[in-house]
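> First the structure, which I've put down as structure tokens, then a few questions once you've had a look.
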Amino acid sequence: MRIFSFLFLLLLGILTGQGLVSGTDNGKTTDVTWDKYSLSVKGQRLFVFSGEFHYQRLPVPELWLDVFQKLRANGFNAISVYFFWSFHSASEGEFDFENGAHDIQRLFDYAKEAGLYVIARAGPYCNAETSAGGFALWAANGQMGNERTSDEAYYEKWRPWILEVGKIIAKNQITNGGPVILNQHENELTETTYDPNHTLVVYMKQIAQVFEEAGIVVPSSHNEKGMRGVSWSTDYHNVGGAVNIYGLDSYPGGLSCTNPNSGFRLVRTYYQWFQNYSSTQPSYMPEFEGGWFQPWGGSFYDTCATELSPEFPDVYYKNNIGSRVTLHSIYMTYGGTNWGHSAAPVVYTSYDYAAPLRETREIRDKLKQTKLIGLFTRVSTDLLKTYMEGNGTGYTSDSSIYTWSLRNPDTNAGFYVLAHSTSSARDVTTFSLNATTSAGAISIPDIELNGRQSKIIVTDYNFGTNSTLLFSSAEVLTYANLDVNVLVFYLNVGQKGTFALKDEPKLAFQTYGNSNVTTSESSYGTQYSYTQGEGVTAVKFSNGVLAYLLDKESAWNFFAPPTTSSPQVAPNEHILVQGPYLVRGASINHGTVEITGDNANTTSIEVYTGNSQVKKVKWNGKTIETRKTAYGSLIGTVPGAEDVKIRLPSLDSWKAQDTLPEIQPDYDDSTWTVCNKTTSVNAIAPLSLPVLYSGDYGYHAGTKVYRGRFDGRNVTGANVTVQNGAAAGWAAWVNGQYAGGSAGSPSLAATSAVLTFNGLSLKDRDNVLTVVTDYTGHDQNSVRPKGTQNPRGILGATLTGGGNFTSWRIQGNAGGEKNIDPVRGPMNEGGLYGERMGWHLPGYKVPKSASKSSPLDGVSGAEGRFYTTTFKLKLDKDLDVPIGLQLGAPEGTKAVVQVFMNGYQFGHYLPHTGPQSLFPFPPGVINNRGENTLAISMWALTDAGAKLDKVELVAYGKYRSGFDFNQDWGYLQPGWKDRSQYA
């Protein structure tokens, strides 16, 4: 009986330790379960290392796989994804999940192909600095009543969206062989009252019900909006509406683009927060700061050195690990572009976000540093079940060092997370750590933190059969169980590393590289010490263990490509590669290891497969010459693109046409929409009648053109108030004569002006006031007074000096809510004449009557022009060369400029506001091998006129790539069709 009990307990320990885990489930599936330590997928614990990705902000589906491969290569095993209602629904009852980037099935397929799980976040409200927070724009005009409550009017609008998108999510759940493991309900919705009948509780119940109706069975989650409330946790005042996995969002950096000494203050109360409010659940951060957005008039992302610094992930993400977080999602990991009119007014065209992966899809040092954490968590299974042993400044020989001490109760593995107690400190501090190990108390010597640096020191760390690291002052990057157990350490150059292997006698070893290893004896065995030299050092021990000692720069170029497509990668399911810029994947076939990747410059490559049958290395399909090292790796050279000359065409053959013919008094607007409403569903009353809110007439995104008529020569002016978002300007003309307006302000959503008609020619009858308005997006929910319902367009227009307007008409994007360009979608275009006529689309034939002027010539007064040109590119097929357009304007220029590449609005340039003047285009929007149609619209906000002084194509980095960036993108670039009905 005792033997049976022992075997039973042993089996139970295996099932609940490193093997299969039984945890709490939601009663719908056991494929995804949880306990207070971590999430488990298919019975195996998982450290969820996730990155936020918004497919809408990269409208080329093929490039989603490019991004996913880069995330997987850099240690991620999941993506978190918003699904924006606004992107898929141009009008009520219509949903597009088929055309171009609207085909989200491809998103799930690519995620699965890349080996990434998916956390689905379909709202219905998302926020995300996107227009109206992701609400369909046709609904964001007041008709939903009290949004984000149980209001019946709101329910009737959002329910069809969640049902439709939910069915696709359900189809792709892990229970159906797909990648979806979690499904978020709503977004940052603070539970204000713990009352089962409260409207928010009822609303969350409604969301759960509709998702269930759609077929969702994976666990539900939610994201708390910082430490401001406690919402929807089953462990705290659960009166209904609670989700399975509680999450806490946090953006603690407080960093400044212009002041490198500001912020950098760690939050060290996450652990207590989760213990208080979600103690039976794993600690989950659905959004942790991966960067920060920048507003109109702010800084451009490339200048934000503090946000871009690799110090940030090193210190902040490791602090989260020390706080026992085991579900960690970085917002953003790839930001992308607010192309078209998809941005909320708080951001400009770029949504780079200072994220680890640049808007151009280039890998920043920030991502390289993040990879070191991702690869560590991927193999460190003991980290998935720990308790907080303690924390504070008493663990080291220097009280300026703060320590988190985590312990695995089953294996005794220890994880000590170290950082300066004052997290913003830049001191170089050397100290020893008082650690608890299976060999007793050990003082681990010569640990150095170089300013804003953090380290995870491990003890009793198993890295394979009969291989345990008793301790190490060098950080573990990863390990592999191949023909031998391979352990990978990293340190800064010049820092000291000391480690000991558990239960091992003094081992003979051979060193290959610049780091000299010495030994010393102690009560717990042999201690191996070294000072990290430059580059890579390999140490081969007589017991078979192979250790790589990497400096940080070498670690940044170290990869562990999996040989499995599963997001869960065991230590025997990856190989080790050092050297290139990117390793996308690897496989072993018939004695050859085949590696795909990218390289900027020619580099060496070292490959360790642990397979003696592997004699050759192929890089992007081509065999490279290699030599075998004494410790079993293969070393060769892979080519880069440093010698490639990128020759971009000059843009000197332009045609121009008038894009504001509506300012002329005899313009025929008889087919325009008549503004005749005297009431609005919007809760905000207009300042005058008729209602001139653009949304009330079916025009939502982009430029709007209004024409108001009045009689009499005695009218002295007009008082006009326009609200189209922060920085949005407007201009007005009377009978074709400039009358004034506003250049907009980054701090104002609405601007007013008293237009003076003195000196302007008026008629007895039928004078025309033309008002052209820019647009920077619909507000998010948090903006007063009514969030997404804050109207767009003219809030009020009255005449001074007597009389009233006799009529108003409005024109916006061609077709309004008809979505006449379903590939590019409902937010791509506005109401400028050139847009309505499709002058920006490929295949448009410019008439001979067009002038041969360019944006450098500009306009001399308050006018508008639409400039078009074509050019060809012929980049090498194996190159990834991000291309952008650099604009500039003379100081003092006040104008609204838009950039269209092959029909996509990929730039909104306000030279008087900034900050953005460089606009990148992803392949698929631009043709790297073929013809391109470039259009620029420009209208002056004052009678001083406007012109540009720089319009040139620029190349970013150059990379030899194993990814096909030069495909036929024709299906994403539908061409011109006659649009004369929208004049």
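Using N, Cα and C of the backbone, Cβ positions are placed for all residues, glycine too.
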> With Tyr82, Asn127, Ala128, Glu129, Asn187, Tyr251 listed by Swiss-Prot as substrate-binding, which of these, Tyr334, Tyr353, Tyr387, Tyr395, is given for the same site?
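Within the candidate list, Swiss-Prot flags Tyr353.
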> Which cysteine out of Cys126, Cys304 is the one Swiss-Prot pairs with Cys257 in a disulfide?
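Out of the candidates Cys126, Cys304, the one Swiss-Prot links to Cys257 is Cys304.
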> Can you tell me which of the recorded positions Tyr82, Asn127, Glu129, Asn187, Glu188 is spatially closest to Cys257 (disulfide bond)? Compare CA atoms only.
Glu129
> Taking DSSP as the reference, which of helix, strand or coil describes Asn601 (N-linked glycosylation site)?
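Its secondary structure by DSSP: coil.
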> Neighbour count first, Cβ atoms within 10 Å, every protein chain included; then name which of Glu129, Glu188, Glu287 tops the list of recorded positions.
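When each Cβ's neighbours within 10 Å are tallied, Glu287 tops the list.
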> Taking the recorded positions one at a time (Asn187, Asn276, Asn391, Asn714, Asn719), which has its Cβ surrounded by the most other Cβ atoms within 10 Å?
Asn187
> Far apart in sequence but close in space: which same-chain residues, 6 or more away, have a Cβ under 8 Å from Asn516 (N-linked glycosylation site)?
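In sequence order, the residues whose Cβ lies under 8 Å from that of Asn516 (N-linked glycosylation site) (at least 6 apart) are Tyr530, Thr531, Gly533.
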> Please report the Cα separation of Asn601 (N-linked glycosylation site) and Asn127 (substrate binding site) in Å, rounded to an integer.
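For Asn601 (N-linked glycosylation site) versus Asn127 (substrate binding site), the Cα atoms are 40 Å apart.
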> Minimum Cβ neighbour count within 10 Å among the recorded positions Asn127, Asn197, Asn434, Asn804: which residue?
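Among the recorded positions Asn127, Asn197, Asn434, Asn804, the sparsest Cβ neighbourhood within 10 Å belongs to Asn197.
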> What is the interatomic distance between the Cα atoms of Cys304 (disulfide bond) and Asn714 (N-linked glycosylation site), given in whole Å?
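Each residue's Cα considered, Cys304 (disulfide bond) and Asn714 (N-linked glycosylation site) end up 54 Å apart.
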> Within 10 Å of the Cβ of Asn676 (N-linked glycosylation site), how many other Cβ atoms can be counted across all chains shown?
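Other Cβ atoms found within 10 Å: 12.
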